[in-house]
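Q: Pasting in a structure now, in structure tokens, and then I'll have a few things to ask.
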Amino acid sequence: MRLVVVGHGPAAHRLVEALRERDTAGAWTVTVIGEEPRTAYDRVALTTHLEGADLAYPPHGDEVEVATGERAVAIDRAARTVTTSAGRVVPYDALVLATGSSPFVPPVEGKDLPGVFVYRTIDDLDAIRAYADGRTTGAVVGGGLLGLEAARAIQGLGLRSGVVEVAPWLMPRQLDEGGGAMLRRHIEGLGMAVHAGTPMARLEAGDDGAVARIVLADGNAVDAEVVVFSAGIRPRDELARGCGLPVGERGGIVVDETCRTEDPAIWAIGECALVGGMVYGLVGPCFSMAEVVADRLLHEHFPEASTAVFEGADLSTKLKLMGVDVASFGDPFAGPETGALGVTYTDPVAGVYKKLVVSDDARTLLGGVLVGDAESYGTLRAYVGGNLPGAPEQMLFGGTEAAGGDLPGATVICSCNNVSAQTIRTAIAGESLTDVPGVKACTKAGTSCGSCVPLVKRILDAELTAAGIEVSKALCEHFAYSRAELFDIVRVRRITSFTQLVEEHGTGRGCDICKPAVASILASLGNGHILAGEQAALQDTNDHFLANLQKNGTYSVVPRVPGGEITPERLIVIGEVARDFGLYTKITGGQRIDLFGARVEQLPEIWRRLVDAGFESGHAYGKALRTVKSCVGSTWCRYGVQDSVAMAIRLELRYRGLRAPHKLKSAVSGCARECAEAQSKDFGVIATENGWNLYLAGNGGMRPRHADLFATDLTDDELITYIDRFLMFYIRTADRLQRTASWLEALDGGLGYLREVIVDDRLGICAELDAAMERHVAAYSDEWRDTLEDPDRLRRFVSFVNAPGTPDPSIEFEVEREQIRPLLPIRPVTGAVSR
Amino acid sequence: MTAPAAERSAPAAPGAAVRWTDVCAAGDLIPERGVCALVGGEQVAVFLTHDGDLHALENLDPFSGAHVLSRGILGTRGGVPTVASPMYKHVFDLRTGRCLDDPSASVRTFPARLHRGRVEVGR
């Protein structure tokens, strides 16, 4: 049977993928006709196109025919054919319209002037970028979600930017007046002008005939050489109109709850569909419609009919808009006329606005708005329609550590993939799932935006506990203890070897999970060189060869460059070493130089040259301190207020070689402009007029997290004392491979508790933590220098034990951009084991 | 294994005449680590377990295509002696070469023995 899909946006892409995944019999032959010159892409992330992001969705398999740059122009329902702009006549057995929407441009004078754009496709963005070049002012008409994003994008192109919104406040469809006002303060703080509450009169042209300003009804004018309309969408329903299918009064192809039009062979999904009197503009509901139609199509000609229906959608939203958290859930507009009560909290200093709407007995949560701090969004949204576990004001202040166990079954946990709490619970019980990856694979919950994963974890833990299954903290099959517990065992019992630990407190002979973890604990407690004695057998290959394993079995080498400061002579040495050993060189994000392609037997020769020139191990291979990045600071910079380079070097030399549960990164910025990006580091330092601000537990990587401001205006010594204690407390209590960010998130009492431990010495352990760090500093010794001085250890650095001079013949390179790149002899079979 | 420590060896293929290649001195092996040897032009990973057993496997990690198994971490899984590839952490049974994380994959094994203080690999 032939399925024709008109349009290739996110909904169409999801439909085709869902069908392909489940149509194992190959019942449907799929043809897609899309008018854009490219295949489907992630329209939600459209703005990132300007930053160079590749938004393309993965292509369908070869069996799906996708025509791009070709528009469907007519449907012949009697003949069941679609005619395209290329003159093709394509027959169908089922037709799905996924034509999306077009931006609404109000009929205002001057709307067709040069310099006026809409914000919908990659082509629109490319046109805006090209036109903006050399111009200085821009404005967006429409202060909704997409409009604000467009305004930020225009600012990113170097233009003075602003927003014109006819409603009295920003994001009127999601936020109440208080939330809109707080958002406005944030937006204005970013240097954008906000004009709300006044309709637009006309667009005026300048001398060159192109648009130059927006004139408002009150006579004021907003200078704008680039004007972008983002004032809502209109469903693209012209094809349906053309063939006599019913459409809504304000547009939209009328479909029933199965997304079928009155013609049983024709369906409509996504923003072009009018279902239950609504047009949905969020991607979540559009995906749900695609899934419903895929299910219906698969069961079309089978005895077992599909019962999938589109049941409407949760329009709750949470997003980070220009760095500001904004969330809206449930019905945030319910007022006293329905007996609803609003509880609000405003902190103008921090820029936070929170509002909960509850029933008149203050027990049932109806909806809410969060601006500036939306951390509690996931939990609060899950309680909409249900009984609050505490007083509303308590919920506002983050007292929301809800047990996932008592959430109503119908609560949608993952709104991207429409997965309810009940679905997750059924999967956990039915499939005997015991971990989050299992739940994700089985239910798809948490696989899109990931914001619901903490909630999924809570439900899982609650279900396991209820089933009498203990939520295991065991490191692996060899130890029934968490890393923190093992750390205490090793420390208190003064254990110095893995053999002693596993024989007295574990089973078997360990594995690649517990051995490196124990090696790290032994190293953190100061047990000599990491390759000494039995410790050598515990180390991961990176620590064993003191270098980083790369995909073809070679290693990379990173000498330490404290604070990123390096003399010309040392730079020349790195260049000479790279040249003489034929290594690929790349500057790292941590202000160092990485040398790739070294074989094991070359590592000692390379390091002899580096050590002779004064370099030390950079520990890029270890779960240890990596770098302390810095900006140039007050020595050179016109704006710097402290010597950030000197502080970065001091910190890097103090903590070099410190073994931790995971890698540690740091940075020091010389002023509030934050050029060193310290707030994305495990410990970040930002200079103030009076000293240093300390930020803790930031993270880049897969799950970025801004560091929390821990203390302000510290002296040099205070700063170092706090960092000493923070690091040692983290090393003692964190789980294996737990970065400081998730450690702090899991720490009972959070940042406040951490302050009590580190500043107020609530646990009475500060003296111990300080002493531990002093021992580390005193015992530091360069691992590579020590290795070069030990002939026994050097003998391990051979490719072949019976042919020490022979290089590994399987390692081959080709040349790309004047440097080597690895040539793999065979294709890998599959990906990594996930643990 | 019941053989005396000095003669402990992994089994040879039944019925085949084994040709032994001298690889290194017994003291060159670190317990619970591997080395790689060239045996007839082939890369063979040789491991010494905590119990003193010798195992020899093909050095090629089938999942990455790199010759790195000799650099993996040794251990046990449910009592089975194992090595974890350092590349993507797939775990292999030292006795059979079977991948315990993906039963469709395996690496070849070779007989290995301690003979008069020397480590030998058979083919």
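Yeah, the Cβs are placed from backbone N, Cα and C, and that goes for glycine too.
Feature list, courtesy of TrEMBL:
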type	residues	note
DOMAIN	A:2-280	domain 'FAD/NAD(P)-binding'
DOMAIN	A:316-382	domain 'NADH-rubredoxin oxidoreductase C-terminal'
DOMAIN	A:412-461	domain 'BFD-like [2Fe-2S]-binding'
DOMAIN	A:550-611	domain 'Nitrite/Sulfite reductase ferredoxin-like'
DOMAIN	A:622-747	domain 'Nitrite/sulphite reductase 4Fe-4S'
Q: Mind pulling out the one from A:316-382, A:550-611, A:622-747 with the most Cβ pairs under 8 angstroms to the domain 'BFD-like [2Fe-2S]-binding' (A:412-461)?
A: A:316-382
Q: Would the domain 'Nitrite/Sulfite reductase ferredoxin-like' (A:550-611) count as touching the domain 'Nitrite/sulphite reductase 4Fe-4S' (A:622-747), if touching means at least three Cβ pairs under 8 Å and pairs must be 6 or more apart in sequence?
A: yes
Q: Do you know the DSSP helix, strand and coil residue counts for the domain 'Nitrite/Sulfite reductase ferredoxin-like' (A:550-611)?
A: 29 helix, 14 strand, 19 coil
Q: Which whole number is the mean pLDDT over the domain 'Nitrite/sulphite reductase 4Fe-4S' (A:622-747)?
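A: Averaging the confidence scores along the domain 'Nitrite/sulphite reductase 4Fe-4S' (A:622-747) gives 93.
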Q: DSSP says what for the domain 'Nitrite/sulphite reductase 4Fe-4S' (A:622-747): how many helix, strand, coil residues?
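A: Helix/strand/coil tally for the domain 'Nitrite/sulphite reductase 4Fe-4S' (A:622-747): 43 helix, 35 strand, 48 coil.
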Q: Give me the DSSP three-state residue breakdown of the domain 'BFD-like [2Fe-2S]-binding' (A:412-461), ordered helix, strand, coil.
A: 27 helix, 5 strand, 18 coil
